[in-house]
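K.L.:
As listed in TrEMBL for this protein:
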- B:68-253: domain 'tRNA(Ile)-lysidine/2-thiocytidine synthase N-terminal' (DOMAIN)
- B:GLY72, B:ALA73, B:SER74, B:ASP78, B:ILE104, B:GLY182, B:ASP187: ATP binding site (BINDING)
- B:320-350: domain 'Cytoplasmic tRNA 2-thiolation protein 1 C-terminal' (DOMAIN)
Amino acid sequence: MVNVKVEFLGGLDVIFEKQRTHKLSVPSKDGDEVSVGTLIDYIVENMIKNTSDKDVFIENNTVRPGILTLINDTDWELEGEKDYILEDGDIVSFTSTLHGG
Amino acid sequence: MSFTPPSDPRKPKNVKVSQLCELCHARKALIKRPKNLQKVCKLCFFHVFETEIHNTIVCNKLFENGEKVAVGASGGKDSTVLAYLLKLLNERHGYGIEIVLLSIDEGIVGYRDDSLATVKRNKEQYNLPLAIVSYRELYDWTMDEIVACAGVRNSCTYCGVFRRQALDRGAAKLGIKHVVTGHNADDMAETVLMNILRGDVARLEKSTAIMTQSSGSPIKRSKPFKYAYQKEIVLYAHYKKLDYFSTECTYAPEAFRGTARELMKNLEALRPSCIIDIIYSGESLRLRPKKAKRAPPVNHIEIRSDGSVSLPPQGFVDGNRCERCGYLSSNTICKACMLLEGLQQNRAKMSIDHDTSVNGAARLTRTLEKLTF
């Protein structure tokens with residue numbers, strides 16, 4: 001179990017009941033460590049109310065290209081992407097870059 | 001609607017040497033730059049990003065000292081970052097330009113009214129003057145009315161044609177001869193790709209120009225973000241906590257562009273430099289000069305869609321003006337006037353519950369609406 005803050009920015013909040021910031025307690029699947037991959041599964045399973053909205057967030061089992069994922073303001077590419085182990089108080093943000101400018 | 005900035009994470013505890021910024025070697029790297037895969041920290045990112053835009057501006061001689069420049073501001077991420085950066089760079093490097101925000105109100109309830117609220121906040125935040133021109137005052141139609149009349153499928157055609165003119169006219173009204181827009185590298189690559197996919201050879205060569213100006217038009221356009229990745233623009237806005245609007249337009253986005261964008265994003269995921277590579281390919285393409293166009297016979301008569309005819313007074317040269325509105329056009333009547341005419345005559349598809357059997361009914365209804373006794 002880990003307590004993290006998740007943010008949906010750049011218009012992504014529309015599929016999360018228009019709420020940008022969510023405080024989550026994510027249960028671990030096996031053992032006690034919770035990775036970002038587990039967090040993403042948790043979001044998809046529990047937070048997206050409308051099933052057709054899942055494709056907006058996820059593609060081929062990972063965050064859709066065009067959505068920027070930051071772990072504590074660091075590009076998740078530099079943190080091992082889905083393998084990053086979350087700690088209490090971490091902030092994970094998802095920002096869509098796909099809408100018009 | 002108000003602005004809530006993204007949260008600040010707590011301070012990281014220990015940083016490994018391999019996680020350090022490749023430029024300053026002192027702070028933790030936060031970003032991997034898509035252009036060259038360099039890992040940089042927040043402060044170095046600000047510095048390189050701002051410097052690159054400055055270099056683009058200087059190398060292409062985009063601005064002249066004392067010039068008045070209008071920023072096409074939609075309230076979205078690109079134009080918000082553009083307005084912020086131009087003000088910053090203008091002060092830092094002394095371009096000597098005067099910046100005005102210019103917004104177009106297409107008249108889309110639930111979309112443009114919200115994004116205009118963002119532009120109005122930007123006006124206060126950056127202390128820049130703001131001018132808004134609306135489709136209603138220019139064309140006497142709002143986008144909502146056009147869609148009700150012509151259907152959602154054509155919305156982007158109308159909107160695109162009208163906006164291009166509206167920006168020029170808005171600038172002309174303010175006495176400004178230069179409009180800058182926030183088109184970024186992703187947009188440019190997308191356009192190159194679309195023109196290739198459509199075989200639009202004529203547009204292909206022009207589409208990568210950083211500055212465009214038709215002969216005869218007093219207003220030039222430029223794109224200082226031509227080489228700036230969308231990802232970096234969004235990151236810049238995120239770290240600087242800039243207030244921008246991010247909602248997709250109410251009317252379905254152009255399907256073809258959407259598909260091209262998806263393709264680009266998938267390519268970028270595999271090979272981030274491909275965006276800049278596509279732009280480079282587009283720039284390097286040289287078309288074989290076309291054979292001179294056969295001029296229409298001397299007594300050529302153009303028949304318009306409404307059945308009226310016109311005798312072209314001069315040849316088809318760049319710099320022709322529309323007979324109706326005087327706007328630059330390669331034909332005797334510009335595209336916007338042609339679309340407006342179609343709307344007013346109700347040629348476009350319309351729902352049956354409005355009785356539209358009479359020619360010109362839409363225009364008549366609109367005139368009647370305004371009548372008061």
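Glycine residues also receive a Cβ, built from the backbone N, Cα and C atoms like all the rest.
Where the annotation comes from TrEMBL, it is an automatic prediction and has not been curated.
Help me understand the surroundings of these features in the structure.
P.N.:
Within its own chain, B:GLY72 (ATP binding site) has B:SER79, B:LEU102, B:SER103, B:ILE104, B:LEU167, B:VAL179, B:VAL180, B:THR181, B:GLY182 as residues 6 or more apart in sequence whose C-beta sits under 8 angstroms from its own.
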K.L.:
Does DSSP put B:GLY72 (ATP binding site) in a helix, in a strand, or in coil?
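P.N.:
Assignment for B:GLY72 (ATP binding site) reads strand.
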K.L.:
Would you mind pulling the DSSP three-state label for B:ILE104 (ATP binding site)?
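P.N.:
Once the DSSP labels are grouped into three classes, B:ILE104 (ATP binding site) ends up as strand.
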K.L.:
Where the record says B:GLY72, B:ALA73, B:SER74, B:ASP78, B:ILE104, B:GLY182, B:ASP187 bind ATP, what is the longest distance in Å from one Cα to another among those residues?
P.N.:
20
K.L.:
Write out which of the listed binding-site residues, namely B:ALA73, B:SER74, B:ASP78, B:ILE104, B:GLY182, lie with a C-beta under 8 A from a C-beta of chain A, sequence order kept, or 'none'.
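P.N.:
Listed binding-site residues passing the 8 Å Cβ cut to A: B:SER74, B:ASP78, B:GLY182.
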K.L.:
Give the number of CB atoms, excluding that of B:ALA73 (ATP binding site) itself, located within 10 Å of its CB.
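P.N.:
Total other Cβ atoms inside 10 Å, all chains included: 29.
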